[in-house]
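J.: Residues or ranges marked as active site by TrEMBL: Cys67, His102, Ser119. Residues annotated as compositional bias 'Basic and acidic residues' in TrEMBL: 235-249. The region 'Disordered' feature in TrEMBL is assigned to 198-263.
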Amino acid sequence: QIPIPSVPAFQPSTPIPERLEAVQRYIRELQYNHTGTQFFEIKKSRPLTGLMDLAKEMTKEALPIKCLEAVILGIYLTNNMTTLDRFPISFKTHFSGNYFRHIVLGVNFGGRYGALGISRREELMYKAPVFRTLSELVFDFEEAYRRCWHTLKKVKLGHCVSHDPHSVEQIEWKHSILDLDRLTREDFRKELERHARDMRLKIGKGTGPPSPTKDRKKDVSSPQRGQASPHRRNSRGDRRPSGEKKPADSKAMPDLNGYQIRV
């Protein structure tokens, strides 16, 4: 029998870098899917809770995976690491007249950037969280592509993913789309750092990785209360000066009653 990799389990005292290494080791043990058949259908538009259910199924089936599946699995296995920021990074490259696409899960812990993922190439998947800036991390991927004779054409960066496995929000896959044919090297670096700053600001405002579920419930309930009282005020205001609206209402009522009688 083919051994099934064990899902990593951590002690509360296990440092985050060691956890990331264990998660990457598990993803690598599943192996890259070279069969040409994708075993798990992943729709990027699905809510996070649906993608997490799919990730749980991946751990049960333990089948080979590709890069997008590895990103979903990486999110699932790091959900309990609340001090870790996760965000998708997509690459589009050109080689020998063809375009190729790849995606990894960017991570940020303690102000240091890294990545989780899977690829045919060892240098295009795991990056330990040692890069001081997001641009340093992306430039490292660019250099790895260069060693594979690929030219980096586009980079797409998403926003931080919620740590709530039951969240119904969608992953923001491409908040920033950077076209290297239109950017100078310095502009490319500035856009990467601007995206990193946007993510920090979003987290600082409380709209980043923490669960949006409770906030969403408050947002749904409070507008209903807030909208109810203005309606009452408006209706009272309409009734007090109204000498013309009451007859209009009274005319409308017989028509409505007549319609109900005919039905």
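Placed from the backbone N, Cα and C atoms, the Cβ positions cover glycine too.
Quick one: where do these features end up spatially?
T.: The number of other CB atoms found within 10 A of the CB of Cys67 (active site), across every protein chain shown, is 21.
Cβ neighbours within 10 Å of Ser119 (active site), excluding its own Cβ and spanning all shown chains: 18.
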J.: Under 8 Å Cβ-Cβ from His102 (active site), six or more apart in the same chain: what's there?
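T.: Same-chain residues close to His102 (active site) (Cβ under 8 Å, separated by 6 or more) are Cys67, Ser90, Phe91, Thr93, Ser119, Leu124.
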